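**Student:** My questions will all concern the structure given below.
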């Protein structure tokens, strides 16, 4: 854990390979330096016996940054290129500092024993000029459409217009109707325009219904948006602990997580060298990075919650903001008066941050200093454009505790704090539970929308049952899909190691894929424009026995291919009209194809073909003597 960073450290080769039959494309915005990444999945033509038509490429959201671009030069030691640096500088409202202003940051920088662990960043941190505000919300409320806003507008549309135009150009009206058909959704009041414009993005951010987490000290990040009127996003958690993991392992987890679709990453490190670990992650991350600053503050006082102070916490906020953290989980809603409400719970306070602040409140019998200093925190946030993720420190840790007085009291307070943050033009999202049975989930969403004025909701699951240790990625994905449908903007993944141990790379991938599935199911249920195109493409490939396209259009092509090849490994099986589930004689899709071919040969429709076929078999039965069984 304390070993020096390997100066030859490189990203895992598996994380930088393009996904099968995919390539990175960039859609240019109104200026040459707005290059929005997407993944293009190429498809095979439909076989001649099924119509012999061209299947144009499908475009999907891509969070992998330059790692999956063969043209990019990946060097973990140097970090990623500062994509947004020019945009930030051109606004003229921030300044480069002579050095770090955090006392702790300066101490780490000056410690020669840390030289082998340190990322050698050459540039100095930036901060807003005196009296200025550098948040995306501040710009939005002044009618300014930033490059970041245009970037996310293009990104959210997923090149859908180009896809539809390619279908129209082919002159195949049937294919156009087939691929763009989508069931009507139930959006529960969300506003889902057919096409996202930069102006729509600006309006949503100005109203507080969406955020773009984009610290001015994290110029490597590719802008993304979190809000219920946009695609549902997912977060992946990584981080070391006091007993396991290293810097290189955490960077590996980050690059692995974004390959499979993590829209943001939270570094929840609680072990040694938190500062250095975070620096390596930030400099190599194309997605926003979130943290829980109270974890590091606690390490600074040797794990004694009662020794925490506003001064230590403030220095930690500045330290992390100057490194480039894009959003902070702040447990300012854990008020002294709410702590006794948890006494009769089944599982008490399960949030680490919540329990830390509850212990501090009780030790001093004083109000939570995060609450009393909230406006001071806002001053720091707006100087760097760090977004609030207002923590649910009193979230239920069991179904028994769901939607209780403590949880809902804190949620009301988070709504009050949201309004204070908005007075400073600081971006806010609200964290949510937790462990909640399905019938109580909608109440959480409804109250959040009402009490928190439609600020984006960011939920951990929720886990819908407590009976499945080792399978909590599934128990939580059930609740995640449901609450995403109701309006949650971002889902925090849960891995199968939840409640059991620190996740490894395999667990990270399983958690990400599971939550991508939940988020997509929510987009479909809401009726998000274009959400069904990928489903339609995969279903068409499945019906036409285009096995490679089935694999490649899925969320995890590798697993799909491996499962297929366990029983049918030969290349010839990739063009077979069956799989090992039903075999060649009982494949429902093959039977349907046979019916269609018979109908075409008879010049009739499918229903008529079935009737004709039955009549022919009846005549054959009578001619054969009408015997129920033949002797063998």
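Residue numbers in this text run from 1 along the chain shown.
Glycine is no exception: its Cβ is also placed from the backbone N, Cα and C atoms.
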**Student:** With 237, 295, 331, 351, 352, 353, 392, 393, 394, 395, 431, 458 listed by Swiss-Prot as substrate-binding, which of these, 149, 179, 254, 266, is given for the same site?
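**Tutor:** As annotated by Swiss-Prot, 237, 295, 331, 351, 352, 353, 392, 393, 394, 395, 431, 458 share the substrate site with 266, chosen from 149, 179, 254, 266.
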**Student:** Round to a whole number and give the Cα-to-Cα distance in Å for the pair residue 458 (substrate binding site) and residue 435 (Zn(2+) binding site).
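**Tutor:** Cα-Cα distance, residue 458 (substrate binding site) to residue 435 (Zn(2+) binding site): 14 Å.
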**Student:** 10 Å Cβ neighbour count around residue 395 (substrate binding site)?
**Tutor:** 27
**Student:** Taking 10 A as the limit, how many CB atoms besides its own sit near the CB of residue 458 (substrate binding site)?
**Tutor:** 27
**Student:** Counting every protein chain present, what is the number of Cβ atoms, excluding its own, within 10 Å of the Cβ of residue 295 (substrate binding site)?
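**Tutor:** So the number of other Cβ atoms within 10 Å of residue 295 (substrate binding site) is 20.
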**Student:** Measuring C-alpha to C-alpha, could you say which of the binding-site residues 237, 295, 351, 393, 395 are within 10 Å of residue 435 (Zn(2+) binding site)?
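**Tutor:** Passing the 10 Å Cα cut: 395.
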**Student:** How big is the gap, in Å, between the Cα of residue 295 (substrate binding site) and that of residue 499 (Zn(2+) binding site), rounded to a whole number?
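**Tutor:** Distance (Cα to Cα, whole Å): 18 Å.
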**Student:** My understanding is the cutoff is Cβ-Cβ under 8 Å with a sequence separation of 6 or more in the same chain; which residues meet that for residue 353 (substrate binding site)?
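**Tutor:** When sequence neighbours closer than 6 are ignored, residue 353 (substrate binding site) has 292, 294, 295, 329, 331, 334, 391, 393 within Cβ distance under 8 Å.
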